[in-house]
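J.: Here it is, the structure in full.
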Amino acid sequence: MYDITKWKHMFKLDPAKSISDENLEALCMSNTDAIIIGGTDDVTEDNVIHLMSRVRRYPLPLVLEVSNVESVMPGFDFYFIPTVMNSKDTKYHNEILLEALKKYGHVINFDEVFFEGYVVLNANSKVAKITKAYTQLGIEDVEAYAQMAEELYRFPIMYVEYSGTYGDVDKVKAIANMLQHTQLFYGGGITNIDKANEMSNIADTIVVGDIIYNDIKKALKTVKIKESNK
């Protein structure tokens, strides 16, 4: 069994986006700790299973981040279930989880399932608009969400999502300082090794996504943070 708490770097692949076999191999053989498959929209059973079968050729952990019940399937090492804590829509708190449990609860291995407490902080992102996330949060707000995630909900993971833009370092630091047991994931705007280094010194784990599709060489360089975080 893989130990998620030791992961420092992950690549996130969107099943709705195309990626060449060459680039996929480069990602999977790059020494990243894991591949996450997940997206905000146009995530279907067909495109998830297609991408999963391609990644499965390589010997590294594979995670499905569940965004709808229809795309859930066996074959992943772990399943991450996001709950958007700053969403105004209860669908993104627990309704998707409820539907998943009704359909698959009798066959789920709960050792493979991890709840993620998401805080979405880029107001202009697609995920913020779809989830109706309230993003105008100050330091005290994000500290309270961190406390909520760790002390009350006892989430194993808190995910700070800036989705497409680089985050406010002070806010991410404030969240990190509140967490002792909950693992902090950071995703958003990591487009080069300098940003990867900066965020990897704050968060436990960084998630690199969009840059994969814009500049694969820059994406691959972000894995170098593991050398300085040994």
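Glycine is no exception: its Cβ is also placed from the backbone N, Cα and C atoms.
What Swiss-Prot records for this protein is below:
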type: BINDING; residues: K12, Y159, V160, E161, Y162, S163, G164, G189, G209, D210; note: sn-glycerol 1-phosphate binding site
type: BINDING; residues: D14, T40; note: Mg(2+) binding site
J.: Is any of the binding-site residues V160, Y162, G164, G209 within 10 Å of D14 (Mg(2+) binding site) (Cα-Cα), and if so, which, in sequence order?
T.: G209
J.: List nothing but the largest Cα to Cα distance in Å, as a whole number, among the residues K12, Y159, V160, E161, Y162, S163, G164, G189, G209, D210 that the record says bind sn-glycerol 1-phosphate.
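T.: The two farthest binding residues have Cα atoms 16 Å apart.
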J.: Round to a whole number and give the Cα-to-Cα distance in Å for the pair T40 (Mg(2+) binding site) and K12 (sn-glycerol 1-phosphate binding site).
T.: 12
J.: If you draw a 10 Å sphere on the Cβ of D14 (Mg(2+) binding site), how many other Cβ atoms land inside?
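T.: Summing over all protein chains shown, D14 (Mg(2+) binding site) has 21 other Cβ atoms within 10 Å.
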